[in-house]
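What Swiss-Prot records for this protein is below:
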- 8-92: domain 'KRAB' (DOMAIN)
- 199-221: zinc finger (ZN_FING)
- 255-277: zinc finger (ZN_FING)
- 283-305: zinc finger (ZN_FING)
- 339-361: zinc finger (ZN_FING)
- 367-389: zinc finger (ZN_FING)
- 423-445: zinc finger (ZN_FING)
- 479-501: zinc finger (ZN_FING)
- 507-529: zinc finger (ZN_FING)
- 535-557: zinc finger (ZN_FING)
- 563-585: zinc finger (ZN_FING)
- 591-613: zinc finger (ZN_FING)
- 619-641: zinc finger (ZN_FING)
Amino acid sequence: MALTQGQLSFSDVAIEFSQEEWKCLDPGQKALYRDVMLENYRNLVSLGEDNVRPEACICSGICLPDLSVTSMLEQKRDPWTLQSEVKIINNPDGRECIKGVNTEKSSKLGSSAGNKSLKNQHGLTLQLHLTEWQPFQAVRNIYGCKHVEKSISDNSSVSPVQISFFSVKTHIFNNYRNDFLFSTLLPQEQKVHIREKPYGCNEHGKVFRVSSSLTNRQVIHIADKTYKCSDCGEIFSSNSNFAQHQRIHTGEKPYKYNECGKVFNQNSHLAQHQKIHTGQKPYNNKECGKVFSHHAYLAQHRKIHTGEKPYKCSECGKAFSVCSSLTAHLVIHTGEKPYDCKECGKVFRHKSSLTTHQTVHTGERPYKCNECGKGFSRIAFLARHRKVHTGEKPYKCNECGKVFIGNSRLARHRKIHTGGRRYKCNECGKAFRTCSDLTAHLLIHTGEKPYECIDCGKVFRHKSSLTYHCRIHTGEKPYKCNECGKVFSQNSNLQRHRKIHTGEKLYKCNECGKVFRQNSHLAQHRDIHTGEKPYSCNECGKVFRRNSHLVRHRNVHTGEKPYSCNECGKVFSRNSHLARHRNIHTGEKPHSCNECGKVFSRNSHLARHRKIHTGEKLYKCNECSKVFSRNSRLAQHRNIHTGVKPYSCNECGKVFSKNSILVQHCSIHTREKP
């Protein structure tokens, strides 16, 4: 049975764009579009009658002698000018024409009953006269429509010209399907079967029947949305990544953490930082059980167990487990210090070192200890400080078994065993194990004391000394003993105090066998045996075993009494005297005797009292061998042998061997009866 004649419109082989889509194409894509359209149009025209002009459309009453498709494309004009310039009217038989244009082929090509005209988006319709319906079956088979099974080879009525046309159409589809988003080339009957458009574009909401059309659409969006950094030339596919990158150049850090005030240029960095304050460490190492806040830190830590060090320095051969460590190491060879402080001009190899240094000028200490409230400029310092409260000392010396809070302290301790003192002072020749110790020592020769107390004007060589001194004014004592609740201004004092509860006495004198809780006390004790007094007063020539005694003695000449009681205003030359005096106001007697329970306001009084229970008398007179429990009483006794009477009455000039006798004598003049 013969089928009605079919019509094929130009839109079946056209590549269509909306006006918005056309603007998205770059010049190269637009040029390719024109070339393809010219080829499509000329191929279709070549299938018509011989006398059809190359510039004339084979259409329903439409001929473009001056405004033809080829001339439009050859002039490189945009397809949108055609829509605005062409005026279409209806001719008497109801078909559309361009005003003032005639074609002798229009009635012949478009008069068959049942013909359908398909318009493209410009309002132009191209109709091709076909004698039978079978060629559409061939087209359907070419494009794989499962609803029609008849092949072109089954029907001998298809002419070579018609087969040639479908070959052209297949060629156009196969060659240009990846360059543009196509209007479908399938016949109208197959379009009926494919009415659903399940593939939607997220950019503008347009939907497509096949996934390849959506893919081609997304390629245009991606090509249109490439972002190039004008500062460094780096290219990004998303606007969000481009915006993040630009903050590197501008220094913008819009994400702020409210706890410590630290700012970040990415939200992910803020999320990582929050784990520092929360203490969250979700990443666990199965080898040793150590936990980490970030997966990257865990991966880096694992290399300790494997011993993997893939990053090697070409200069010295030293290997590193992470690339950043190698990068930091290379600066040592180049000597480069690109990061300079704008406040003081000091330069640094690493940005992190500069950031740490800047807290010296700002005084910023954003990392707070939850136990005692102490602030730190670096998170590493806070982590190390926390071990003071927990008592954790994870770093152990393999030589002697001594344990330490930090790895740096263990490294410094190891040099005791190795005897390495690489850092030598050019002034006096003294050698030190660490560079920081040498730097601190050099201040002795220069006399420089750069750290000044704002309250009293006292200056110090070291910042730590100033920090400890400031606690005298503030009364701050952040270190607390868990056994008795006593508080201290310095951690070293707390550690020293703890040995009272444990009874630990590690340091023993080889001369007399006496043991001490602190090495400094042992060193002071040794001077008793040697008789060495290296510290001399420039004013009176008096010599002392300890530098602290010399400093204390100088106050006698200057009359300086920098320590003042907040309760009564009384001033003292020594801080220990002030601390002792405060017990008068508080009535506190923190020192208790384990034998009888008697309490004392001073530790020295407790030590003196203990000798009552032990019967110990350590102080012996060399003249008569008499022994005393106190050194002060031995000193008084010596005056008997020497005849020295250092205590003089201001009223009558009478002298006495003891201060107590002088006080008793003075009551005669004042007529006081003690």
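Backbone N, Cα and C define each Cβ position, glycine as well.
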Take the zinc finger (619-641) and count its residues per DSSP category (helix H/G/I, strand E/B, coil), listing them in that order.
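DSSP classes over the zinc finger (619-641) add up to 11 helix, 4 strand, 8 coil.
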Report the DSSP secondary-structure composition of the zinc finger (507-529) as helix, strand and coil residue counts.
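Reading the DSSP string over the zinc finger (507-529) gives 11 helix, 4 strand, 8 coil.
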Six or more residues beyond either end and a Cβ under 8 Å away: which residues meet both conditions relative to the zinc finger (339-361)?
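Same-chain contacts beyond the ends: 328, 331-332, 377-378.
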DSSP-wise, what's the residue breakdown of the zinc finger (339-361) into helix, strand and coil?
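Summed over the zinc finger (339-361), the classes give 11 helix, 4 strand, 8 coil.
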As a test of reading the model: what is the averaged pLDDT for the domain 'KRAB' (8-92)?
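Average per-residue pLDDT within the domain 'KRAB' (8-92): 53.
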Other than its close neighbours in sequence, what residues sit by the zinc finger (367-389), given a CB gap under 8 Å and a spacing of at least six beyond its ends?
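Distal contacts: 260, 276, 356, 359-360, 405-406, 478-480, 491.
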